[in-house]
Every structure is written in structure tokens, then in C-alpha cells.
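Okay, so here's the structure we're looking at.
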4 protein chains.
Amino acid sequence: MTVTKVGVLGARGKVGTAICEAVRAAEDLELVAEVDHGDPLGMLTDAGAEVVVDFTHPDVVMDNLEFCITHGIHAVVGTTGFTDERLETLRGLLSSHAETGVLVAPNFAIGAILMMRFAVQAARYFPSAEIVELHHPNKADAPSGTAHRTAEMMATARTAAGMGPCPDATSTELEGARGADVGGVRVHSVRVTGLVAHQEVILGTQGETLTIRHDSLDRSSFAPGVLLGVRSISRAPGLTVGLDAFMDL
Amino acid sequence: MTVTKVGVLGARGKVGTAICEAVRAAEDLELVAEVDHGDPLGMLTDAGAEVVVDFTHPDVVMDNLEFCITHGIHAVVGTTGFTDERLETLRGLLSSHAETGVLVAPNFAIGAILMMRFAVQAARYFPSAEIVELHHPNKADAPSGTAHRTAEMMATARTAAGMGPCPDATSTELEGARGADVGGVRVHSVRVTGLVAHQEVILGTQGETLTIRHDSLDRSSFAPGVLLGVRSISRAPGLTVGLDAFMDL
Amino acid sequence: MTVTKVGVLGARGKVGTAICEAVRAAEDLELVAEVDHGDPLGMLTDAGAEVVVDFTHPDVVMDNLEFCITHGIHAVVGTTGFTDERLETLRGLLSSHAETGVLVAPNFAIGAILMMRFAVQAARYFPSAEIVELHHPNKADAPSGTAHRTAEMMATARTAAGMGPCPDATSTELEGARGADVGGVRVHSVRVTGLVAHQEVILGTQGETLTIRHDSLDRSSFAPGVLLGVRSISRAPGLTVGLDAFMDL
Amino acid sequence: MTVTKVGVLGARGKVGTAICEAVRAAEDLELVAEVDHGDPLGMLTDAGAEVVVDFTHPDVVMDNLEFCITHGIHAVVGTTGFTDERLETLRGLLSSHAETGVLVAPNFAIGAILMMRFAVQAARYFPSAEIVELHHPNKADAPSGTAHRTAEMMATARTAAGMGPCPDATSTELEGARGADVGGVRVHSVRVTGLVAHQEVILGTQGETLTIRHDSLDRSSFAPGVLLGVRSISRAPGLTVGLDAFMDL
């Protein structure tokens, strides 16, 4: 078995700590550098890191990535704040390091990625489609970002397939009962103490329904997706956006 | 085994037909009269009916019941339209027939009755409570009558227990996402082709949730409740409102 | 809009009746022939049928298809009993009618097809995978054929991806508690009055689960899939097995 | 508002820490003593504790309770290992301290208690009853203790109501598919990474099903039940077994 040497940037943060632990537990990976705020990036090259995982901050991530790319180290990036302009900058840097790969992904939870993918694939086959997302009551936004994005993507798929609006004979509605309308897909936000983060996509046609549900019970759910990225990135030179590019779907 | 003689009023209607079938299939019951629009009520006395089931029409039900009560026949009534005034009239009629019993119930689906009962019993123990009801898209009202009533009853139980509002930190809401507000209990109405009639009551407290779900997949779901009424009414002289009075809860 | 002329074989059977109804309700389809036991197949050619739907019987389906193929009529077939030998015979017949298409499918319920497809696609990303199928108590086999097939396909996908066995520390088991073992995927069969036909595929990885659930509440659930077949078959000359070939997955 | 003074025994353990936190957060309770292994029990009397919570160890709990009872301090006990003999000893001690109350409970999760209660209440109204329990794969026993106990209690309720066996026409079964048989109630144990502790009781009758589901997502779920015990125990002199005695069900 080939063992890949992995460095982690943001290694002492909450997410970084969990990633270090996951890398340590994987037989085909070796954790060679744990770098955090104040540490020199040279730790990565000194340790011979082949892949770096970056869960840091929008303020420092571009410098981190420039260092990695110019030293031929692949990167798997979960840090937020990637505008189109930043992605373009990365493509520019990568163009002169043809063998280096960078993955930038907004979401590493494999279950969430598959839920969205399947919801979009199925959308064109079901006249009815609604989303119920359920979260703890400390959440500020309703619907959740994931639910909103899922609904938009499903609405786009429905339009592309030439489908009309979801059937709905509601003539008497208590305000809000039918949820929020996102491009014709109704989204309902449940907020209940004891819940973590859950989403259910309900699709229906004559005599049958298909329900795709994702339950995230623990913030560590990004770890398997990060490892999938680490294991895949060396075979994907250039810039990749979204972990699903590495999933055989 | 004692066998009870049962007559059915509205015997050729959709519901009546199903009830006749259920009575016929029960070993401890004998179907002795199938009466419908145009038939003389004397068929019931001629056949020696001990209990009558009435699923007819608000226009005729009071005449039917007067006949039953004055002839000492117990009645199980699913016909709608019972105002307080009508119930008072029944009590008056029954007062001079001390051994006769009449059950008037808005809902005979045992699962629905239990769902509502349990939801109300549990309401005082959970800071959070929401309802998701799911129906076919031909339904005109949102939320459903059952969901609305459940929410009201839960809200009353919460108030009686001195509970404050359900926790909810939502500060950014896409209109309707958080559902309809029924006395502080949020109700969400899903309308999807392929569904029949479903309701989920979700209660949450620290670290745990309790979900009570009722699925009605077939309109015949009233039959077991009607038989429970038929078997219980002879031991319950006077007027009884609601089938739960006969359930040992 | 081009309107396709459709003939139905087995038109007076339960399934055939539902299909006739669905064809009549579709604006882009015209029901031109309703053929059943005893009727001459010439009714199809007389009426100018372009596509024929066959839900008949293993004893007659091969004759029906030979007639259709030799007359250049496309066919969508839900009749059972297709052995490899029969499929080979069909391929032979079709080889001399290059523009004619025949679809043979064991399952036309789109939701069931997608559930299986998604379960297999997801299987390689989740260390844990189990199936719970729930049916009415009159069912003779446990697990259901669909659940058994789903588990087998998931097991194959897991093996292909080099995954080990599902984690399971059970050391004390009451006989049967952990379900049936189908290639390493545990399958649980629930039999409850009031249910129709339901299946839940539960996949889990660190901190998250993905659940894919199919609910079939009504035997009419094959209709949308049959129409999809009817609309697709003219663009698919030769033999196609399985409706998913016509789904853009 | 009267404020009750609370002492916690086992205050530095995992559960004890969570209870201390919950007591501190409650406006009507004051945490006056945090006692753990090695600390003198006199801390409780010095601080004027009115109610003590004991989540310690079977080896020390009886001494703890003797101290509390002889000093007139009420106790809420979650420590395990209470045999009938131990309960009898407690009753003896309490008989000479007429105003002191002790609650011993095997389970403080309100949702779990209600699930079991409702399952038993509903059992007599549904011909079909099965349990699906779902846990993380590190669990050693299948089914879970809670599922086993729930099934036994439901089986007893069914027998008491004169119900026959659950309908089941299974004639071909892959070994284990129909789950474990606990007094005629089938129990299915799902083990999936990412799950915590979940149980679903499924009841069915003609045309409808009732499902009662408990999800425990976090080990802190005992806290609200412990506080309910603390608030109720001073009004319940003598020995009380089971938290449901303090729930108005």
C-alpha cells in the first residue's frame, strides 16, 4: 500500500482537529504536519506533505494555496469565501504547475451531496416535489441554505424537462401553511429542540412517492468526504469545484 | 358468545357499504337491517336491531335518532353537523329513555384519535412542538382540519402547563418557510401526488425528539372504530361524544 | 404536437384498464385499440397503432410480440415470464425489423426503479447499509423480491468498490433480531395491517445517514412508467430490458 | 418563586457534570453542593441541600441514600443496580422518615418513557404491532433493552385485551427476515454508523397505521427528566419507582 503524506492547515481548530484524527486513523494516510495560525508554511515542505487540507479562514487561504501550488503540493479546501474571481486566480496559478490539483468544495458531507444529486436526478420524473428541512431552534435562517439550494436545483431540472407547476388545489390557506415557494418547489422549515440538521425531499407521482432523507447527527460528518478528496486529488490536476466530481455518480 | 343485532342507516352509501361488510365479517355481530334513503325506519324494529349505525345526512339524522331512541335502539353516529343545540336535543330525548345510549363522533379512525390524544398528553413535556401534515394535492384546505385541531389542543395543553413559546431563533425567513402559526404551534402542509392522508407531530426537548405519526392509506380506516362503538354503546346509556370515551386511555 | 397512436393488449384486465385510462388522459397519446382475450390482433393494424402496450399472460405474449414486430409496431411489455431464451428470440425477430423497438421491463414504478438505482450508486460511499421493507401481512415472501434484489445489487457495488463488511459489534442476539443477511446487507421485513408496499434503504457513515424510501400506496403506480416507455420506445430500435434505460440517470 | 436547594452526587462524572449544568440553568433550582468520590457526604447537610441527585455507582449508592434519608433529604436516583431487595431496604429506611421521598428510575429520557407508555396504551387497538430499533454499530446487544422491554409490555397488553397473534402470512422466509419474536411482537434491530439511538413502534389496523418514534441524538437527554424528578419528589414521600409516576398521563 502506498501511503500518502498529509498536512493539515488550521490543525488546531474544531474542524482541523477532527480531520487530523481522521487522517491518523486511516491506514493509507500519514499525518506529517499540523499547521495553525502563526506556524511557518515551510513545515509542510519540510515534512514532505503531498496533500494539504485547508480549513482556515478566507483572509489566509489564498496565501496558503499559493504556497502549496508553487511547491507542487495538492490541496483539499473547505475554507469558505471562494468568489468566481478567487477561483480564476487559482486557475491562473495552477496553469503553470500542470501536475498539481486543488479541490475547493462548499460541502464535504457525502450524504448531503448525494441527497442533492439524487433529488435533482429524480425531479423530472415526479409531478410533485417538496422539501421539509428540520433543524435545532437556534438556526437563524429559514429555509436552510442547503434546502434553498436543493429546491433551486430541482426547480431548474423541472423547467429543463418541460414540467408544469406542482399540482396544488389549495384554495383556503392559513398563512404560511404551504411553506416557502422556491422556484415552484415548496420548502418547509421545522425548528425543534433536540434536532441537529435533517432534510427530506419528497417526490410524488401517481400511486407512489420517493423520499430522500439526510440526517446529520454530528459535526464530524465532513471527515469521510475530506478523506475522499485527499485520496482523489493527486489524480485530478487543475482546479476542481465540488466533491461530487470525485464521486462516481 | 352473545351476538348483537345491528342495523345500518345509509347502508348503500360508500361508507355504509363498508360498514355493512365489516359487521358481516364480525363473529359477534349480525347485520339485520340495511336501510337507505326511501326505506321505512320500521325495518330496524322489524328486524330487532339492538344497535344502529348512522352515516347519513344532517337533514335526516335527527329524525333517525329520534326513532331509535324512542324504540330503545342504541345508536353509533358518524353523520356530521352536530351543533351544541342538536346535542342538547339528543340529551333531552335520552333523558326519558334511561337505558339507551347514543355515540356521536366526528372521527372513527382509531389511529387518528390516538395520535391526537398522545400529542396532547406529551405536549407539556416538550418545549418544542410542530406538526407536518401531508396529503394528496386535491385537498382544498391547508392545514387539514385534523392538524388544525391537534395544534389547538396542544397549544391549550401547553398554556395549561405554564409553558412559554416554542424556542425559535429564526431571524431571516423566506415568507411561509416556518409554516402556519396555530396558537404558537407551527403547522406545515405538504401536498404531494401519491400521498393519501398523513400527519406527523414532532416534539423535542434536550437531546431527544418524540414523533407521533398517523398514516391513513385507505378510506376504510373508520371501520374498526365503528365496530368498537357498536360493541361499547349498550354499556353507555345517555349521550357520549367522541369515540375516545370508549377507549381505555 | 405529434400524437402517438396506442393500442393496449389485455385492455380489460385490471392493469390494462388503468393503462387505457392513462393513455386516454394523455394529450400526446391517442388510444386507438383496446384488445383482449379473443379479439383479433388485426385490430391493432386496422387502427394504425404505432405503439402497443402488453400486460397479458406468458402464454400469449410471444405471439403478440411476433405480430407487433412483423408489422413494425413498437411494444412496451409488462407481462412476466421473460427468460433469457425468450429475450434471445425477441432479439432474433427484431434483427430483421431494424426500426422497431421492444421494451421488456419487470417493474414500471418509477419510484422503485430510482430507489434501487440511488441505493446502488450510494452504496460505495457508506460503510453501513441496511434495508427495511414494510408490507401488508398477506405477503407470502420475506424479504420482498424488490428488497432482495436491492440488497444483492448493493452488495455487488460494495464488493466492486473494495469495501469490507458493514461494522457490527453485536455479540448477544435474540434470534432474527439482526434480520436476514443478503450478501452482507441486512434486510428486515415488517408485516403490518394497513400498510401497502414500502421500502427504506438506510446508509450510514461517520456522523450522517442517508435514507432512500419508496412508498407504493396504490397499484396504479405503474402507469407513469408505462407512458414513459410508450413515449421513448420509438427512438430505441431493438430490444431494451428495464425502464431505467429510458431514464436520464 | 421558591428556590429548591439541590446537591449532586457524582458531580464530576459525565452525567453529573451535565446535571450540575442543568440545575444551574434552572431559575427555580440552586446548586448548593457538588459531591464526588472522596468528598464527605456532610457537604450536603452543610450546604442545606433539600434534594439530592445521585448518578454514582451501585457500590456506594445505598450508603449515599441512607445518609440522605436519615437527614431528611429527598433523593432522585439514576444509579443502576436496584434489585427488589435494595428497593425493600429503601422502603424500610423511608418508613421511619415519613416526609422524605426517594425516586429510583431506570430511565430519565422523557421521550423514551412516553414512547413506551403510548405503545402500550395503543397496543390493544391494533391487530399488528412491530418494533424497529436503530442504533450505532458498536452496540453489543440486539435487540436493545428498551426495545425488548417495550415489546414485552405490548405483548402483555395484547394478551390482557384478548387479542390473537399478529396477522402474518409469511410462508417463505430468508432466515431472520421477520426479526426476533418477543412474546409475539416482532423486533428488528438496525445497526448503522452515524446513528445514535432510535426506536420506532409501528401499529396497524384496517387502512391506517400509527407510528411512535423516539430519537435520542445526544446523551444529555436525561437532564429534563432529572429536573422533573427534582421538582416533584418533595411532594411524594416514600419510595417511587419510575419517572412516569410524576408524569400526568
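Just so it is clear, glycine is given a Cβ too, placed from its N, Cα and C backbone atoms.
Feature annotations, courtesy of TrEMBL:
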- B:5-108: domain 'Dihydrodipicolinate reductase N-terminal' (DOMAIN)
- B:G10, B:A11, B:R12, B:G13, B:K14, B:V15, B:G78, B:T79, B:T80, B:A105, B:P106, B:N107, B:F108: NAD(+) binding site (BINDING)
- B:H135: active site, proton donor/acceptor (ACT_SITE)
- B:H136, B:G145, B:T146: (S)-2,3,4,5-tetrahydrodipicolinate binding site (BINDING)
- B:K139: active site, proton donor (ACT_SITE)
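Structure with TrEMBL features highlighted.
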| residue | record | Cβ contacts under 8 Å, 6 or more apart |
| --- | --- | --- |
| B:R12 | NAD(+) binding site | B:E34, B:D36, B:H37 |
| B:K14 | NAD(+) binding site | B:R219 |
| B:G78 | NAD(+) binding site | B:V15, B:V53, B:D54, B:F55, B:A105, B:F108, B:F222, B:V226 |
| B:T80 | NAD(+) binding site | B:P58, B:P106 |
| B:H135 | active site, proton donor/acceptor | B:S144, B:S189, B:V190, B:R191, B:L195, B:V196, B:A197, B:H198 |
| B:H136 | (S)-2,3,4,5-tetrahydrodipicolinate binding site | B:R191, B:V192, B:T193, B:G194, B:L195, B:V196, B:A197 |
| B:G145 | (S)-2,3,4,5-tetrahydrodipicolinate binding site | none |
| B:T146 | (S)-2,3,4,5-tetrahydrodipicolinate binding site | B:N107, B:A112, B:M116, B:E133, B:Q199 |
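Rounded to the nearest whole angstrom, the C-alpha distance between B:K139 (active site, proton donor) and B:G10 (NAD(+) binding site) is 25. Proximity to chain A (Cβ-Cβ distance under 8 Å) holds for the following recorded positions out of B:R12, B:K14, B:T80, B:P106, B:F108, B:K139: B:K139.
Here the domain 'Dihydrodipicolinate reductase N-terminal' (B:5-108) has, by DSSP, the following mix of helix, strand and coil residues: 42 helix, 24 strand, 38 coil. Same-chain residues at least 6 positions away in sequence with a Cβ under 8 Å from that of B:G10 (NAD(+) binding site) are, in sequence order, B:G16, B:V35, B:D36, B:H37, B:D54, B:F55, B:T56, B:H57, B:T79. Mean pLDDT for the domain 'Dihydrodipicolinate reductase N-terminal' (B:5-108) in the predicted structure: 96.
Packing around B:P106 (NAD(+) binding site) is summarised by its Cβ count: 14 other Cβ atoms lie within 10 angstroms of its Cβ, all protein chains included. For the (S)-2,3,4,5-tetrahydrodipicolinate site, the Cβ centre of B:H136, B:G145, B:T146 serves as reference, and the other residues of the chain with Cβ at most 8 Å from it are B:E133, B:H135, B:K139, B:D141, B:P143, B:S144, B:A147, B:A197, B:Q199. Packing around B:K139 (active site, proton donor) is summarised by its Cβ count: 19 other Cβ atoms lie within 10 angstroms of its Cβ, all protein chains included. Across the annotated binding residues for NAD(+) (B:G10, B:A11, B:R12, B:G13, B:K14, B:V15, B:G78, B:T79, B:T80, B:A105, B:P106, B:N107, B:F108), the two most widely spaced Cα atoms sit 21 Å apart. B:F108 (NAD(+) binding site): 24 other CB atoms within 10 A of its CB, across all protein chains.
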